[in-house]
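Per Swiss-Prot, the features are:
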- 4-60: zinc finger (ZN_FING)
- Cys9, Cys12, Cys33, Cys36: Zn(2+) 1 binding site (BINDING)
- Cys24, Cys27, His46, His50: Zn(2+) 2 binding site (BINDING)
- 78-101: zinc finger (ZN_FING)
- 155-193: region 'Disordered' (REGION)
- 160-170: compositional bias 'Low complexity' (COMPBIAS)
- 180-192: compositional bias 'Low complexity' (COMPBIAS)
- 229-253: region 'Disordered' (REGION)
- 269-294: region 'Disordered' (REGION)
- 269-285: compositional bias 'Gly residues' (COMPBIAS)
- 466-486: region 'Disordered' (REGION)
- 507-599: region 'Disordered' (REGION)
- 513-532: compositional bias 'Gly residues' (COMPBIAS)
- 538-547: compositional bias 'Basic and acidic residues' (COMPBIAS)
- 559-593: compositional bias 'Low complexity' (COMPBIAS)
Amino acid sequence: MSRHEGVSCDSCLKSNFNGRRYKCLICYDYDLCADCYEDGVTSTRHLVEHPMQCILTRSDIELYFGGEMLASDQPQSFTCPYCKKMGFSDATLLEHVSAEHTETSLEVVCPVCAGLPGGEPNLVTDDFAGHLTLEHRQGPRELISFLDEPSAIRHGGGVRRIPGRTLGGPRTRRSNMHFSSSSGLSALSPSGRESVDPIAELLSQLSGVRRGGPPTSQLQQLQMQMQLDRQQVTASRQIDRLPRRAHPIVSTSNSNAAMAEVISGGAGGSGGSGAVGSGSGGGSGATAPPNLRTTEWPVTASFSTSASNHSQTQSSLAANSLNAREAIGTSSSAGSNVLGISVGVGGTANGNGGAGSSGVATGAGGAGQGGGQGGAAAGESFLLAQFMQPTFTEAEWAVVESMRADRSMFVQSLMLSMLCTEALDLNASDESLAKSDNVNKGQQQQQEDAEAEAQAETLLNNNADVEQQQQQQQLQPAMVRQVNQMQQTSPEDFVCDEYRYKNKKANTTQTSGTGGLGGAGATAAPGGGASGAGTKPTADRGIERRSGRPPPGEMATGSQQPQQQQQSTANPAASQQKYKQNASAATAAGNTNQIPDTR
């Protein structure tokens with residue numbers, strides 16, 4: 001069952017919801033789902049301070065407590081409706097309420113009834129402690145139901161056994177206990193029977209009076225019967241879950257219980273009889289030693305009886321170990337057994353233990369006595385037989401040695417193969433690492449070479465740029481000077497220089513002609529031509545003053561003047577023609593000399 005059937009959340013109105021269910025122990029019929037409870041939902045009648053009982057579904061209980069030996073039909077903890085403390089069982093809740101809330105008379109909802117599958121979910125009571133005492137008190141009386149109690153009392157067998165002393169281990173929860181009056185009668189002797197608990201009898205009478213008659217008592221009996229049926233079903237399920245054992249065992253934790261229920265006795269001779277040791281005279285037998293791991297006494301022994309006290313008894317005891325086989329054989333004399341356990345019925349049973357062993361005797365119908373006596377010498381026997389070394393034949397030893405050798409060879413070959421595999425893996429990994437290192441080194445070298453070439457190219461480019469800049473810087477002043485010269489000398493200057501040169505040449509020619517005429521016509525002034533030739537006209541001085549530099553043909557004109565005179569004297573025709581030219585040049589010079597010099 002994974003849903004809360006027939007239950008709806010009073011906040012979100014979700015019906016048949018999954019998960020945890022929280023029931024308010026103050027408000028009547030008020031339930032919340034896990035989400036609404038965690039959100040702290042409140043209403044006009046419900047507050048956050050109200051105690052809530054958490055109820056789980058059967059599937060959730062199996063999920064949470066599946067590996068534990070707990071009942072699956074009841075919640076594992078209850079909440080106090082007065083102080084909101086959690087984690088109580090039904091018994092501890094009763095003790096808590098009786099100790100701390102005796103004077104509280106608030107009407108609350110019973111959390112035990114609300115948590116039980118077949119209980120009343122909305123049972124409101126103002127005497128919560130009394131309700132727990134009458135309805136949910138399950139103490140030492142839980143081993144006998146209310147339906148079986150009157151018949152047990154009538155037959156004189158009203159026995160209530162303590163749960164901690166029953167067979168099958170200590171009690172974990174009350175639902176794990178199932179019982180019957182017949183088992184109680186067969187387990188205990190008449191001297192160990194207990195009388196009816198007077199407090200329980202008084203409470204049962206008060207419950208009948210409080211409920212007001214037989215119908216209420218019958219209802220209580222029906223409820224107890226239903227609860228008993230549920231407990232029996234739960235116990236049967238848990239027994240089915242337990243592992244099957246091949247032989248019955250007796251736990252050492254329950255050693256005080258009656259061993260007659262487990263050990264079945266048989267009739268013997270005059271000395272005594274029992275399931276453990278049997279014989280005539282003193283009684284001899286053997287049993288298995290206690291298992292040191294589980295502290296249990298397995299009754300698995302093979303017995304051999306002897307007719308006299310001097311007969312020898314041999315028992316084969318098998319003990320399980322982890323990886324070895326132990327075959328234990330023991331023999332004892334003088335009518336002794338290993339543990340000296342003998343059971344007598346209606347008489348006296350004596351058990352003589354071996355060397356250093358103890359004797360145990362129990363009786364169901366009468367009294368039993370047992371004693372342990374020491375053997376001849378402590379060194380001749382062993383206290384713990386299971387630690388005796390087994391004896392093997394040569395063939396068995398050979399088989400054992402061969403198996404050991406096979407195992408050692410197998411382990412050796414396995415280790416060698418593993419080491420070889422690891423070595424191969426390491427070599428392969430080293431080779432791959434070496435290859436990768438070589439590849440990385442080659443790539444790194446290529447990168448370095450490329451970087452070096454790039455740096456060299458950049459250096460060459462930088463040097464070329466520097467040289468070009470230097471050349472440009474050197475050529476720039478020359479170009480500037482050339483430009484300045486070109487700016488200073490224009491075409492007009494060349495025209496002016498040529499004009500000046502022509503004028504000066506014409507003046508020179510005129511002056512040379514005038515001097516010749518004066519020398520030829522007047523004898524009174526023989527040096528007139530020379531003087532005329534030696535003086536510069538005013539026009540020449542003006543032109544020379546304007547130009548600021550001598551004409552390039554001045555020296556040539558001065559040198560040509562005596563040559564012209566010689567030619568004129570040597571060739572009269574040429575001199576006449578030259579005279580005409582000089583005259584024309586003189587008239588032209590006279591025209592030019594008429595310009596006044598304003599400077």
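The backbone N, Cα and C atoms fix where each Cβ goes, glycine too.
Positions of Swiss-Prot features highlighted on the structure.
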residue	record	DSSP class
Cys9	Zn(2+) 1 binding site	coil
Cys24	Zn(2+) 2 binding site	strand
Cys33	Zn(2+) 1 binding site	strand
His46	Zn(2+) 2 binding site	coil
**Item:** Averaged pLDDT score, the zinc finger (78-101)
**Value:** 87
**Request:** Report the same-chain neighbours of Cys27 (Zn(2+) 2 binding site): residues 6+ apart in sequence with Cβ closer than 8 Å to its Cβ, ordered by sequence.
**Result:** Arg45, His46, His50
**Message:** List every residue in the same chain as Cys24 (Zn(2+) 2 binding site), at least 6 positions away in sequence, whose Cβ is under 8 Å from its Cβ.
**Reply:** Tyr30, Asp31, Leu32, His46, His50, Pro51, Met52, Val109
**Asked** Cys12 (Zn(2+) 1 binding site) has how many other Cβ neighbours within 10 Å of its own Cβ?
**Response** 14
**Request:** Could you break down the residues of the zinc finger (78-101) into DSSP helix, strand and coil, giving a count for each?
**Result:** 11 helix, 2 strand, 11 coil
**Request:** Please work out the helix, strand and coil residue numbers for the region 'Disordered' (466-486) from the DSSP assignment.
**Result:** 21 helix, 0 strand, 0 coil
**Message:** Beyond the listed site residues Cys24, Cys27, His46, His50, identify every same-chain residue whose Cβ lies within 8 Å of the center of their Cβ atoms for the Zn(2+) 2 site.
**Reply:** Leu25, Ile26, Tyr30, Ser43, Arg45, Leu47, Met52
**Complete:** Same-chain neighbours of the Zn(2+) 1 site, Cβ within 8 Å of the mean position of the Cβ atoms of Cys9, Cys12, Cys33, Cys36 and not counting those residues, run in sequence order as Asp10, Ser11, Leu13, Lys14, Phe17, Leu32, Ala34, Asp35, Tyr37, Val41
**Asked** Which residues of the same chain, at least 6 positions away in sequence, have a Cβ lying under 8 Å from the Cβ of Cys33 (Zn(2+) 1 binding site)?
**Response** Cys9, Ser11, Cys12, Lys14, Phe17, Gly19, Arg20, Arg21, Tyr22
**Message:** Using CB atoms and a 10 A radius, I'd like the single residue among the binding-site residues Cys9, Cys36 with the highest neighbour count.
**Reply:** Cys9
